[in-house]
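For B:31-210, the entry in TrEMBL reads domain 'ABC transmembrane type-1'. As annotated by TrEMBL, transmembrane segment applies to B:37-56, B:63-82, B:88-109, B:156-180, B:192-213.
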């Protein structure tokens, strides 16, 4: 309990919110890093997954890439990137590593969603004379949207977690408060940073959960 | 080849045979620690997860809170999880194990519960009709039938644990993560690459090992497919 009150005192001290190492700036860094990387990852993964799903090709790759992604430690990738020339680009290693870890869940979920669209509906669309493009955008994509969005949510949570680990390899974001706390041997600071990160991650998860609930009925998954 | 001024260690190359031979003991120690941390956490996770999943299956009201809490735990990033446990366990291996147990719980409980729920009602009724009590039903009918799903969860949990152990480097108990962390601070490329590759190899080996165990434990799934 003592540590929690100390951590609370640390969090509510206005001096800790200001400046480049302050909570405000770290929070902004974390948010920007997460959002930017989520957008980049979606731009990379979703078109590939939708086309592969539409053509019904590359399924083994799309599904197994998630399992492979789980076996590779984010921390190792971050440090490896840091020691390559990318390491001199400031946030370069963080951005590349974050995108690498967000792409697999996006790819897998969008691909599976596309393939789970009822085949008879797709055949009906083809029978009506729809072109491939029309089928993709007017039939398959709308029907697979719940799965696609589940992938986006998983990717977003993954991004928040990886962005935290990025601090271990010198990246910015809320994780820096934790690493700084360890370096200063200040348990209240470590715990305060951890609470911020945990709350941030839960809010991200909560926002997606809420969006799913508020979405029109036809967008909701069977979950 | 290993002339001191111009070997691959001195040139700080990514791939370096001299690193493997000269740091053999360090690597073995790190791999040992990595394996111990992973094995202990997954086993403890399993010991806690099975009763939780059975409880969630038997008592309908408990399913939502059990799944809810484990999902929330899984959402918390690993570095934050270890940090939150710091006041409880200090800088110790127990801290890393405790964090990893909490993560494996989510995956294990979810999969075991899914396996238990997938046991056909007719099968359960047939067993009851044969006079099976609740315990015997659980041990000899439900759990064996839930094995494939449970093993799938165990494999995911183990592979995740192998990769998450590296984050334990923040408290000095990260197995190969310690080598990656130290290699980062000294820009020691061979060490970082070797430790990273070993991590992935351990994960793949553990996954294949568990797949083999699963095949041995559930011979009927192969018979059905053949």
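Cβ from N, Cα, C; glycine included.
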Output the single range from B:63-82, B:88-109, B:156-180, B:192-213 maximising the number of Cβ pairs under 8 Å to the transmembrane segment (B:37-56).
B:88-109
Under an 8 Å Cβ to Cβ limit, what residues of the same chain, 6 or more beyond the ends of the transmembrane segment (B:88-109), are close to it?
33, 37-38, 40-42, 44-46, 48-50, 52-53, 56, 66-67, 70-71, 73-74, 78, 81-82, 150, 153-154, 156-158, 160-161, 164-165, 168, 171-174
For the transmembrane segment (B:63-82), sequence-distant contacts whose Cβ falls under 8 Å of one of its Cβ atoms, 6 or more beyond its ends:
52-53, 55-57, 95-96, 99, 102-103, 105-107, 109-110, 113, 164, 167-168, 170-171
